[in-house]
């Protein structure tokens, strides 16, 4: 995949590329900080048929939504490459004793030797969270370790 | 009544009137520039409501307006963009210059107005209004389009051409003999080149001097510097407008972005005053006799801009529909053209030049954006068929 970069004098920069299915998409980065997500017309490949104007906050949110699943996907690829290592995504159920408590309280690493590498909350990824990170119901915890140790973590997060 | 009171009453009424006209333009979706010109025609000599005393006051405001207009225009592009556009799009830029300067020059020669008027009219038909075009691109969602970089780099090229053209025009307008005229043109061009090189090489020193975390300080420094250089340029016969423009080019990056945001309201106020002042100087009775001519000139120069856009876009590998869009986006004329006509009128080149230029810009500033809106469905149809 090749991302093309074009200068727009007086406005900013445009990046665009064609997806494998033949749809051209791009992002116009205005100097003012505004971002436009642009979708090109299939009949007229030079023309934009949809423009989504995003402010700073919205652009960040969209980037995180698009970026988050990819981190998990890359982790999955990682454990396929290393024999005996698995990464699992464990939800924190509403009844978990750790809801509202810092991660350090669960002492996951000491008790199971598996590691919590990330927490996904509402589409946002918190990579390598510290022991002071406070869990919330609905968080998805990404754990890397052996088959057995990750299963133990699941038990700890659910019942304590 | 006290003199100050009269000035404030008249000036206040004019500015308030412009505000109302601006609101109307916003609602209809056209550029306010033609409406400001019409307002000026109404307030001027021979108009419906001639102003009594504040014309002098307005004329100073108009001069400030030109300086601020050109300063913000210069801020729009940084030195790198100017150089890239010179090297990458020189051929399309020259086609643009030849095709679009020709209609104005030819009409002035045919009317027997003489070579100086021809040079002025060439400028009036040549330059696209980058302000109106940027708005058209944004309103119609064309900013991400693939022909847009081509359009924008033509605009950059035009601005650079102006930096050379304006001092030449100013010198010619001064009405010097051929030899001393040539010398002044030489001095003017040398000054422009020196400033341009200084801006490219040492822009960061100027920026270091101007930079301030406080917006008030930044505003005062930028405006002060622009006025100072503008005055100096005027003294050297290079025209104040060019001086301000060069200051704008010398500043770039975040600083330019901040300065532009700070200057925008100031520019809007004084630029509006400038358009009114141009209208003031034009006798509305003279508009009607040249209206047909202006319409013809507008039509011809619409076609030449369409051809320019099509040529430039074709060179960039754009398909038919995109080529049409590139041409349409280039049609609007506006602030630059009036600045040029204003210089010529100030020098008293020809009594009808102001009226013709006013009528011409009235047509294209209003019709350009409308044309783009009206034509869009047809372009979509072309694309579907292809």
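Placement of Cβ uses the backbone N, Cα and C atoms for every residue, glycine included.
Caution: TrEMBL annotation is automatic and unverified by curators.
As given in TrEMBL:
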- B:6-26: transmembrane segment (TRANSMEM)
- B:23-369: domain 'Cation/H+ exchanger transmembrane' (DOMAIN)
- B:33-51: transmembrane segment (TRANSMEM)
- B:57-77: transmembrane segment (TRANSMEM)
- B:97-128: transmembrane segment (TRANSMEM)
- B:148-166: transmembrane segment (TRANSMEM)
- B:178-202: transmembrane segment (TRANSMEM)
- B:222-249: transmembrane segment (TRANSMEM)
- B:261-281: transmembrane segment (TRANSMEM)
- B:287-307: transmembrane segment (TRANSMEM)
- B:328-349: transmembrane segment (TRANSMEM)
- B:355-375: transmembrane segment (TRANSMEM)
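When each of the listed stretches B:178-202, B:287-307, B:328-349 is scored by C-beta pairs under 8 angstroms to the transmembrane segment (B:97-128), B:328-349 comes out highest. Between the transmembrane segment (B:287-307) and the transmembrane segment (B:261-281) there are fewer than 3 Cβ pairs closer than 8 Å, counting only residues 6 or more apart in sequence, so the two stretches are not in contact. When Cβ-Cβ distances below 8 Å are used as the criterion, the transmembrane segment (B:148-166) is approached by residues 73-74, 76-77, 81-82, 84-86, 88-90, 92-93, 96-97, 123, 126-128, 130, 133, 137, 142, 189, 192, 196, 238-239, 241-242, 245-246, 249, 308-309, 312-313, 315-316, 318, 326, 329-330, 336, 340, 343 of the same chain, each at least six residues removed from its ends. By the Cβ criterion (distance under 8 Å, sequence gap of 6 or more), the transmembrane segment (B:328-349) is not counted as touching the transmembrane segment (B:6-26), fewer than 3 such pairs being found.
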